[in-house]
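Worksheet: one structure, shown below.
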Amino acid sequence: MDDVGDLVERSHRSERKRRDSFGMFDGYDSCSEDTSSSSSSDDSEDEVPSIPASLPIIKNNGQVYTYPDGKAGMATCEMCGMVGVRDAFYSKTKRFCSVSCSRSYSSNSKKASILARLQGKPPTKKAKVLQKQPLMAKLAAYAQYQASQQNQAKSKSVIPIEGFDWGQYVGANNLVGAPVSCFKHVPMGNCWGDLEEGLRVEVPNTDTTLSAKVYWVATIVKLTGFKARLRYEGFDSDGNQDFWCNLCVSEVHPVGWCASNGKPLVPPKSIQHKYSNWKAFLVKRLTGAKTLPPDFASKVEESRNYPFKKLMRVEVVDKAHLCRTRVALVEQVIGGRLRLVYEESEDGTDDFWCHMLSPLIHCIGWSRSIGHRFKRSDVSRKTEGQTEAPPQLFLKVKDVDQSGEWFRDGMKLEAIDPLNLSAICVATVRKVLADGYLMIAIDGSEAADGSDWFCYHATSPSIFPVGFCEINNIELAPPRGYTKRPFKWFDYLRETRSIAAPVKLFSKEIPNHGFRAGMKLEAVDLMEPRLVCVATVTRIIHRLLCIHFDGWEDEYDQWVDCESPDLYPVGWCQLTGYQLQPPAAQTTREIQLNVTKQKKKTPQYKGQKKKRKISLGRRLVGFGGPFRRRTFSGDDDEHAPPFLPPRLPGSRRHPAAEFGHSFNPGKTA
């Protein structure tokens, strides 16, 4: 068997004639000071035969591997990057692994970038293949590159926040995260593509004694949202050195990136002597394997460009009066989430958080166009730089035909209570607006002035025909004060002399969303919309998801649509720099459980409960000033301290109870 010294000497000779298209061992030949003269693996030569440098070379679009017969060589697909035996590739040119890759390869710009990646060239036709450089020269170049990257990172306004360890949480409990493709509104949501377990990437090698950064190939062992459990090539079934990484960070690259950028590719120190010919080992391992698309990093960066900008003016729901909207200014944009400050807020603390695709925000003039109530601003002088957000930036709703049979005032239906999202309640259409919008009220809980009416579109997935809960085994929250149990729609309609809204008027579209019960994700606490929390999908009813906040009781669950912009994949907060709220501490859950057991006697109205996604002693991140408790009702704790214990069930009425709108249903079925 050859030792590393022999490999280095032979590599110097052979490198005059050929260059590895993957950039394997680019710089490894100068790292032999930590190696011994022999390999500890008895079968390394049998499993991974070496490739003599003296054999005839076959060149095909930059591919320079060869087999002993001098005819059958290795090739890399110029479309997807898969490596395989050249003769098994498609067409006479052997440039693609399949017909689909050949047909997809049409763009000249894409062609140039892919060729550059596979051949380790700059993206120009006349560029020469990069030659091997001495290790010290490469390390010096990389040090300069690293310094420039750090300077760029300092200049960015969004810096990833490290906190809750998703990897440890998922790994210790063998949990599954919802795929990124389930979330069309997040970065890479529409182009996550075929990213799957088994994919190979090039990542920094942390198992090394070298002072400068070096890289190695790793395999995706488990994929959970944006997060992947990676294992360095060479560890085989040994998972003790596995590590978790966000695939969308700048440190993760497709195979071939090191060759293109002249970066050293060095095996981990703990297995450095396992094989004598690491180059041949990687050739064998990467044959037939897939890697990230060559433009993956640029797509990630492009998908993180958000159209909303600071000081844009929008109309947003008035959290003090749900029935109307107000003008607000965009103050912050983080990962597509907007911190909106109401225009009349003098100190900038009267704010509201929502996603840019939320149905709660609209362009200026929307309320007037559909007949919705609107609070006029008393602010006469506008801040310099203010602009109206263009209408095309907002969520588009489907056109509906209101000329035929349509919703009418007084019709009954079932709706998610916007002030208690764990409940689906008996509701009434109070006013029909233009463009398919409806003002909905929760029966038995209406404010006298209608200030708690809520605007839903006719196609909204949050309203349902009469009988929806019964059919799908969901507990329906009856009107407050209605004493007949169990609640029967037929009797209620007869007693109130009402009619049910026709079933055909409701949306029946159920997308193939990909969610499964038990999947983990990051979800907004819509009763405290600045908070994004660790959560689990516990039930799926058609397109409706029951979201449970980990560490909290079921009564704090939320019913959310599968396409809600308030749901995010695992790793979204880390990627965008948003603060993630971890599950409640065990001691907090025990306290809650004891209090709940003491309170549970008979199902009665207690006032709506406010959930707090923050553990004892944990500081809540302050997006825009000191922490102030906010709800749709607009009540605030004016002098709340920055450190707060979690809200205990039954400890205090939810501020929304001022509307008399707080029926407390039991657990969902």
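Any Cβ shown, glycine's included, is placed from N, Cα and C.
The region 'Disordered' annotation in TrEMBL covers 1-53, 627-669. TrEMBL lists 7-21 with the feature compositional bias 'Basic and acidic residues'. What TrEMBL records for 29-41 is compositional bias 'Low complexity'. Sequence annotations record features per position, and here TrEMBL assigns domain 'FCS-type' to 68-103. Taken from TrEMBL, the feature repeat 'MBT' covers 164-268, 276-372, 374-479, 487-583.
Only sequence-distant pairs (6 or more apart) were considered; of these, fewer than three Cβ pairs between the repeat 'MBT' (164-268) and the repeat 'MBT' (374-479) are under 8 A, so the stretches are not in contact.
Residues in the repeat 'MBT' (487-583) partition by DSSP class (helix H, G, I; strand E, B; coil) as 19 helix, 31 strand, 47 coil.
In this model, the repeat 'MBT' (374-479) carries an average pLDDT of 93. Helix, strand and coil counts under DSSP for the repeat 'MBT' (276-372) come to 22 helix, 36 strand, 39 coil.
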